[in-house]
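Asks: Mind looking over this structure? Questions follow.
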Amino acid sequence: MNPAHLLILAAVCVSPLGASSNRPMPLNLYQFKNMVQCTVPNRSWWHFADYGCYCGRGGSGTPVDDLDRCCQIHDNCYNEAEKISRCWPYFKTYSYECSQGTLTCKGGNNACAAAVCDCDRLAAICFAGAPYNDNNYNIDLKARCQ
């Protein structure tokens, strides 16, 4: 089976199983993953899924570094997008383009899709500019993210 299809299947299956204190796995994860791969082609997107205090599920405490701060800003951006009527960023898909490492959100997106696309685009650009520290991958959240 295509890895992309497995990713979508996992997102659909895992999201209802999460604890109530955790946000559901985003269904637009596939698009965000592709944006990250556009701006950071030399590192697997998976390295960003469990990084620091904010990259991945949840988010609390002080970001451990600039990359983690990118994820905190992305979380806050989604919180702002949720203020748009009937906008659920974790489930919203959008139109965008990747060309030679440059991301562009397309003009045909409605207000919610445009906001979510811009959140993801800015996060992917931020990831590209922030150093990656292997010591901040898969950290003990209880110990380091209070």
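Glycine too: its Cβ is placed from the backbone N, Cα and C atoms.
Here's the feature list from Swiss-Prot:
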type: SIGNAL; residues: 1-21; note: signal peptide
type: DISULFID; residues: CYS38-CYS98; note: disulfide bond
type: DISULFID; residues: CYS53-CYS145; note: disulfide bond
type: BINDING; residues: TYR54, GLY56, GLY58, ASP75; note: Ca(2+) binding site
type: DISULFID; residues: CYS55-CYS71; note: disulfide bond
type: DISULFID; residues: CYS70-CYS126; note: disulfide bond
type: ACT_SITE; residues: HIS74; note: active site
type: DISULFID; residues: CYS77-CYS119; note: disulfide bond
type: DISULFID; residues: CYS87-CYS112; note: disulfide bond
type: DISULFID; residues: CYS105-CYS117; note: disulfide bond
type: ACT_SITE; residues: ASP120; note: active site
Asks: Using a 10 Å cut-off between Cα atoms, which of these recorded positions sit near TYR54 (Ca(2+) binding site): CYS38, CYS77, ASP120, CYS126?
Replies: none
Asks: Could you name the residues, excluding TYR54, GLY56, GLY58, ASP75, of the same chain that surround the Ca(2+) site, i.e. Cβ within 8 Å of the Cβ centre of those residues, in sequence order?
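Replies: The surrounding set, listed in chain order, is CYS53, CYS55, ARG57, GLY59, SER60, CYS71, GLN72.
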Asks: Within 10 Å of CYS71 (disulfide bond) by C-alpha distance: pick out those among the disulfide-bonded residues CYS38, CYS53, CYS145, and say none if nothing qualifies.
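Replies: Those close enough are CYS53.
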Asks: Under DSSP, is GLY56 (Ca(2+) binding site) helix, strand or coil?
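Replies: Once the DSSP labels are grouped into three classes, GLY56 (Ca(2+) binding site) ends up as coil.
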Asks: Taking the Cα atoms as reference points, how far is CYS87 (disulfide bond) from CYS55 (disulfide bond) in Å?
Replies: 21
Asks: Near CYS98 (disulfide bond), which of the recorded positions GLY56, ASP75, CYS105, ASP120 can be found within 10 Å, Cα to Cα?
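Replies: Taking GLY56, ASP75, CYS105, ASP120 one by one, the ones whose Cα falls within 10 Å of CYS98 (disulfide bond) are CYS105.
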